[in-house]
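Since the structure comes first, as C-alpha cells, the remarks are kept for the end.
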Amino acid sequence: MKHLKGLLLPALLALASSAAAKDPLVETTPFKNELVNLMYFDDSGVALVQELDNGKIFRSHDAGKGWKEIKDVQGLGIIKSPYDNKVALILGEKKHWITYDQGENWDSFETKLPPSPQGPVGWHAQDNKKILLNEIENCFTAPCLGKTYYTTDGFKTDPKTLVDDRRMCQWAKASERFLQGVDKHDDRILCITRGKYSDRSKDFRLLMSDNFFKETEEPVMSSGRTVQGMANMAAVKGYIVAAAKAEHSSELALYVTQDTDSWHHARFGDHKIEEDAYTILESTNYSIQVDVMTSKYVTMGNLYTSNSNGTYFTKNVEHTNRNDAGYVDFEKIANIQGVVLVNTVDNYKEVEKSGQSKKLKSRISFDDGRSFEKLTVKGKDGELHLHSVTNLHNSGRVFSSPAPGIVMGVGNTGDYLGKYTDGDLYVSDDAGLTWELALEEAHKYEFGDQGSVLVAVFDEGDTDEIRYSFKHGRKDTWQKIKLDYKIRARELTTLPDSTSLKFMIYGSRKKDGGGREHVIVHLDFSDMLKKCGDSDFDDEWSVRKDADGDPSCVMGHKQLFRRRKWDAECSVGELFKDPVPKFKPCDCDKFRDYECDFNFTPTGEGKDKKCEPSESFSLPKGACEGDAKSYKGSSGWRKIPGNQCKGETERDKQVERECKDAERPRPKTDKITSEITKFKGSNFMEQYYLERNTQSDGTDNDRGKDETVVMLTDERTAYITHDHGKKWKKAVDDEIVRIYPHQYENNNVYFLTASKKVYYSKDRGLHDSINSFEAPVMPNTEMLPIMQFHPKQKDWIIWLGGKNCEKLGNKDCHTVAYVSQKNGEDSSWESLVPYVKKCAFVWREAGRSVKEEQVFCEQHTNEEKNAPLELISSDDWFKKKDVKFKSVVEFATMSEFIIVATKAEDNTLHLDASLDAHTFAEAKFPPKFFDIHQTAYTVLDSSTHAVFLHVTVNPQRDQEYGSIIKSNSNGTSYVMSLAAVNRNTEGYVDFEKMQGLEGVAVANVIVNVDEVNKGAKKKKQSRITHNDGADWEPLQAPEKDSDDKPYDCDIADKKKCGLHIHGYTERADPREMYSSPTAVGLMLAVGNVGPELTTFGEANTFMTTDAGITWKEVKKGTYAWEFGDQGSVIVIVRRGEDTDHVYYSVDSGAKWDLYQFADHKMRVDAITTVPSDTSLNFLLWGKDSRELFAVNLDFSGLPEFQKECKLDENDPTKGDYDLWSPQHPLQQDEPECLFGHVAQYHRKKRDVKCRNGQRIDQMHDIARNCSCTRRDFECAYNYERDSSGDCVLVPGLSLPDPAKVCSNKNVKEYYSNTRFRKIPLSTCQGGTEYDKTGDVHPCPGFEEDFKKNHGVGGFTLFLAIVLPFAAAAGVGYWVWRNWDGKFGRIRLGEPGGGSAFDSDAPWVRWPIAAVSGLVAVGAALPLVVGSVWRWVVGRMGGRGGGGGGYSGLGGSGFGRAYTSRSSFARGRGEYSVVDPDEGELLGDEESDEDV
C-alpha cells in the first residue's frame, strides 16, 4: 500500500549487475530548490523529480546518477500511470504534458481551468490512451462541482468535455482486477453528479455511461431503486465501492459492485459507517477491508473484512490506531499472502473516557487478520512495537517490499511503542515471525535485489554515513559508506519492485555561506556482488514452519518462494522480475481456515473459540413459524474469504438450532394491528421522530428498520420507542425537562435536565447508546434557545446558559454562550460571549463562502442587561468581534441569505439581507404601496424563486386582513398578487403552499372588506392558484356530498357556491398540512360548500387528487389526517370528539374502510407518522380519562402491501407507477403546461397492490418546455391587476425609465415599458412573450450591434447573485430548517414570557416566526419574516409536523398556547423546484435553516 498523502509522491529506481568492487558507487547531484515528486517508472532506471519553487522537471535515465531538465515544461505536479510504466502526466495550471516513452518526449494539451486538487486524473487500467482529467471545482456556491474531460487517444486531439457538474468520475476499469479478462464495459465511466434538478449534496446521483455521457444510466442498488445522496466512490481491487449519505445524517450506506451491473448494500452488523470516519484499506483480491472509527474524538477504529462479494463485513481487529488524516496502522506484508502488521490501542477505555495518551502495541497476523500475536525479538523476552503508517518517515511501504519475507521497522521493545527518535531499526527475514536488532537509532531503510542488499540511513539528524547489509540485515553484518559531507535524509528509495542494486537518497546539506542545499545521492552496489548460483538459493522457503519443520498452511495453502540464502553474498540479478511464489493446497482445518459468519460474534480464543449469534442475528426466512421447535441454520462459521484449502469440515454444514434460543418473528397477519400504551400525566409535552438514514435499502436486519420516537410527558419522564410506538421504555432514568433533537443529524438527540447534566444519544437511542455530558452552566431561564447546532460539523454545539442564576432574583444572573467542538464531551466547552439573546452558526452548504467557525450573536450593548441589542460576528470564537448592526430586533440565517431586522429611530422596522455574511443591503419595497400601508408585513414564502409578502391593510383586532405581494426572481421588486387576504391577531395568514408541487397555493380572502372596515365580522372565501400567484380562482365545489346528495347552491357559479376550507389561522394544531411532499397532488382539508366559509363545527372533510382542480367530500364532520407509504394509505381520525376508530383508504380516497383500534371511545388529539411519510405505521396521541395514551396503528400486514412496488426510471409506466402531470384549470390549450413546461411525477397506480417502501424521487422528468402564453406572465412592477384581469398602472405612479438598464455595461439593448413580466418559475420558450411586447431599442454605443443582432437582453441572474444589494429583498425562503434560532426567540407559537422549560417551548418549531418590532406604543406589530412550505413537510412528524407555514423573527407575545404537542419530527420536507438553474436568490430545493 503506497502511503502518499503528505509525503512526496515518490517512486523509484532500477538496474543491477554482478561483480566485486570494494565499495558502492556514490554520485551526488545538487539542486537549487527543494524537491518533490521523486518517482521511478516501474521496471526501468528512468526517474523524474520536480523543483517545488519553480515547477521545473528533471529526468534521469540511469537511476538517479545523472539528471537533465526537461525543457519548456513547468508543472504543478507529476502523476504517473499506475498501469503503464511508460506513461506519465505533468499537470500545469492550464497547459499540461503527457509522455508515452518514460519522459523522453512530451506532448502538450490545454484545459480552460487548472486541474482539480482532489484527484485530477482518472486512469483506465487496460487502455493507456483512455484518460479522464478533472478541472478544479467551483466551490463558490458549494457543494463543489467541476468539469471532467476525457481523451481516447492520449490527448493527441483536444480533450472533450465529459460532464460539467460532477463531484467525481472514474472509469469502470479503474483497477487491474476489476472485470479482469472480461470483454465488456471498456468505455464505461461512472460519475457522481449533481441531482436532476438540484445541486444539493443530498441529491447527488451516481450515473454511468458507455458513450461518454451522451446517454446515461442511473444504476439500481440492491433495493431495486436508484439511490440519491452519493458522496464518494473508489475502486478497490476487483470491487467498486460507492457511499451514499442521507440528508440530516452523517451515516453512510456503502454499496459494492463487482461488475457495475449489480450492486449490493454492504452490511456491518451493529456498527454504522459515518462520513469521514472510515478508511478502505489495502484489500485482498477476494475481500474488502475497512477500518471504521469507533469514536468521533478518539482516533481508533475497528477493522472489518468482507466476504467474497463485498456484502457482509465481520470485525477482525478492535481498537486499531488511526490518525486525523484517516490513515490506519495497518500493512500487509508485500508479496506474501495473509501476513498483516497492525498497531492497536491498549488503553482504549481510558482514552475514550478521559482522553489519555494512547498506548500502542504492535501485533502480527499470519491469517489475514483473523488472529494476531505479539512481535518477538530473538533472545529477548519483551515485546517489539513498531512505528507504522500513521507516523511515516519514508515513501512507499512501511515495513516490507516484494523481497520475500524481508521486513524492517523502527521501534522499541517494552510494554508500549515509544517515540520515534527513541526507536531502533529492527529486521526480520521470516516475514515478521521473529525479529532482531539491526541498527541502533532510527533509520530510513530500503530493500534491493530481492533482499540481497538492505540500505539504511540515520533519520534523527545530519549524518555522513550510509549503512548497508548483504546478509538480510542481521546484526553485525552492516557496513558503512562514508560521505564527504553530512546529509539530512528526507527520502531513501529504489525501484518499486526492489529488484535493483541502485538506490537514491534525497536530502539536504549545509551550504558554504549558510543555508542548505538539496541533493540527490545515487548509490550503486552492482559491482560489489557476484551473480548467485543454484546452491545459493533455498528453493522452498516458506512463510513459517510448523512444529515438524514443514511449511505451515496460510490461507489454505503452503506458500513457497525461491529465495537467496541469508549468508550467500551474491546478487540475485533478476532485474525487474518480481519473485513468484508456488502454492500447495492444504486440507481444510476447522480452526485455522474458518472465521465467524455474519451476525455471529466470536467468544474465546484458539481452539476454545466459539461463534455465538449476535444481537442483530435474524432467523432465516420461514424459520420457527407456527409450532416449529427448531430450524436449520448456519453453523456460525464460514470459510475465510480467499482461503484455498481443499475438502470440507463440519463447519461447512448447517446445524440444527432451537427456536427457543431465537426471538420468534411476530405472527404474520393480513390485518391492521394496534397497540395501546398508557402513560401517567396530563399532557404530552414533546414528541420527536428520529428518522433513520433513508439511503439504506431497507433490507438490513440490524440497523435501519427502526422507527424511533422520543416523547416527554408533563411528569418530566422521557420515553423512547424504536418500533413506532409498539413498545415504549424510559429513555433515561432521570427527570427530563426538554428534548432537543439535532437539527442536522437525525441520529442525535439530547435530553436536558434542570441541572447541568445532559443525556444524549448519537445512535437514535439504539444499543444502549445514551450517555451524558456536563454543560458549562445551567440552561438559561429567559425563554431563549439553549442549544444550536452546526449544519456540517455535527459535534459543534452552542449552549446558551444562565450564569449566576442558581438563586431566583439574582441581579447578576445573565446569559452566556459557550461552544463545544466535541459534542459537549471531555470538558470541551469554551466561553463565547456574555449577555446574549441568541447565537448561531453562519455556515451553510450552498451559496455562502464563510469559515465554518463563523458565528453571529445578538448581544446587549456594552454587556448591559437592558441595553439594546447589537449583531456581532466572529470567526475565531470571539477572540475578535465585529459589530454588524445596532438596535437589532432579530436575525435569522437561511441557506443563501442572512436577514437582520433592526429598529430605526422613528420606531419603524428595517430589513437588511446579505449573501455572504459580510456585506448587507437594505430591502427596498414599492414606494407608493408602503405610503398607504404602514402597519405590519409577513414574509410568507420564497420557495419558488419569488418572495410572497403579506402586507397588513387593516390591523384592528379581529378585523385583520391585508394584501399579498410577490417579488421578481431577485426579490427586489414587488407586484400585487392577491388582495384582502385573511390574517389573525398574531400576524399569521391564511396562505399555504402545496407540498411536492411547484406553484400551487391556497389562501382565504375577505369578501366584505368595506363592512369589515366598519367593524363587521369577516366573511371569508377560499382561493387557489396554479401559477404561483399570478392568477387566483375560487375552489371548485364537488357536485355531490359524501351521501351522494347535491348541494343546495349552484356549483357552476364558483363565487357564490364554491368550496371554502379552513386555513392556518384556525387550526387547533398548526402543524397540520393540507398536503404531503411524497403524496404528489393529494390534499385533504376541512370546510364547506356555499357562498362563504362557515364555522369549524359545521365543516366536513374534503380531498383532492389533482392538486386542487377537483374536490370531493370524503366524510361528514372534521377529521385529522395523515399520509403513509408516500400516499399509498391515508388514515383519518375524528377531530374534537371521543372515538374508537379510524378510517383508511388504500386507493387515494376512492373508498374508505373503518378500523376499530379500541374497545371504548377515547379523545384523540393528533395523528402522526415519520416525517418522510414513508411508513405504514401511525401513532394516535390522546387522553383517556386521566391517562395519556399513544396508539400504534400498523398497516404493513395488509395484503395490499406485501410486495414492493417496481419502478423503472427508464420505462416508468411499465411497472406499478404512472406518470402524472399537474394541470392549470383555466388553461384550455395545453393545460398540462405549468410554468412553461410539462412536469412528470411518479404516482402509484391506483389499483396495484404494493408498497412504495424506500422513498422514491417523485419528480421523474421535465418532459418538455412549452410555448409562452398569458399564463406564464404576471403584472410587471408598478402595475396591478384590475377587475377585468388586465394589468394597469398603479394609480399615482409614473413609469420608470426603461433605459436605466443600460447602466449595466453588458446590456446592449432594452425594451419599452410593458405591463407584464415573466413568472420566475416559468421556463417557457417562444410563443407570445408578453414581457417583450414593447419596442426594443439599442443602448447608447451599441447601435451597430443592435442592427446586426436583435437578441434578447436584460437582467441576468448571474448579476443578481454576485451583487450583494440584489439579495436585499430576498427576505425569504423561511423554513424551520432555515432559521438559526431553531430553538427559540424566533417564536414559533409560544406565549411571550415564561421560563425556558415552559410547556410551550420556543423550539416547538411552527413554521411561522413573528418579528415583534415594538413598532407602536402598547401594541407590538409583527414583522413576520419567515415561512415556507418547503419545510413544512419536514413537519414535525408526519404532515402534522410541519405547520402551516411561516417562520418568524420572533418578538414578544405573538403566538398561541397550544396544549397539544403531537408529532414533532425532525425531518423537513422538500419543495420540488424543477428549474435546473438553482442559482436564484431565493433558495434552492431546500434550505438548511434552523429555528
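Note that Cβ sites are derived from N, Cα and C of the backbone, with glycine treated the same way.
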- Query: Looking at 456-483, 848-875, 1212-1239, 1464-1491, which one does Swiss-Prot call region 'Disordered'?
  - Reply: 1464-1491
- Query: Do you know which of Asn285, Asn599 is annotated N-linked glycosylation site by Swiss-Prot?
  - Reply: Asn285
- Task: With H, G and I counted as helix, E and B as strand and the rest as coil, say where DSSP puts Asn309 (N-linked glycosylation site).
- Result: coil
- Hey, how far is Asn285 (N-linked glycosylation site) from Asn1265 (N-linked glycosylation site), Cα to Cα, in Å? 50
- Message: If I take the alpha carbons of Asn309 (N-linked glycosylation site) and Asn1265 (N-linked glycosylation site), what is the distance between them in whole Å?
- Response: 45
- Message: So if I draw a 10 Å sphere around the Cβ of Asn1265 (N-linked glycosylation site), how many other Cβ atoms end up inside it?
- Response: 16
- Select the most exposed residue of Asn285, Asn309, where exposure means the fewest other Cβ atoms within 10 Å, treating these as the glycosylation sites. Asn285
- Task: State the residues, same chain only, that lie 6 or more residues beyond the ends of the repeat 'BNR 5' (1102-1112) and have a CB under 8 A from a CB inside it; answer 'none' if no residue qualifies.
- Result: 994, 997, 1000, 1002, 1024, 1026, 1035-1038, 1042, 1059, 1061, 1081-1087, 1130, 1148-1149, 1222-1223, 1225
- DSSP-assigned states of the repeat 'BNR 5' (1102-1112) in counts, ordered helix, strand, coil: 0 helix, 4 strand, 7 coil
- Task: Give me the mean pLDDT over the topological domain 'Lumenal' (22-1354), rounded to a whole number.
- Result: 87
- Item | Counts of helix, strand and coil residues, the region 'Disordered' (1018-1047), according to DSSP | 0 helix, 11 strand, 19 coil
- Residues of the repeat 'BNR 3' (426-436) by DSSP state, where helix covers H, G and I: 0 helix, 6 strand, 5 coil
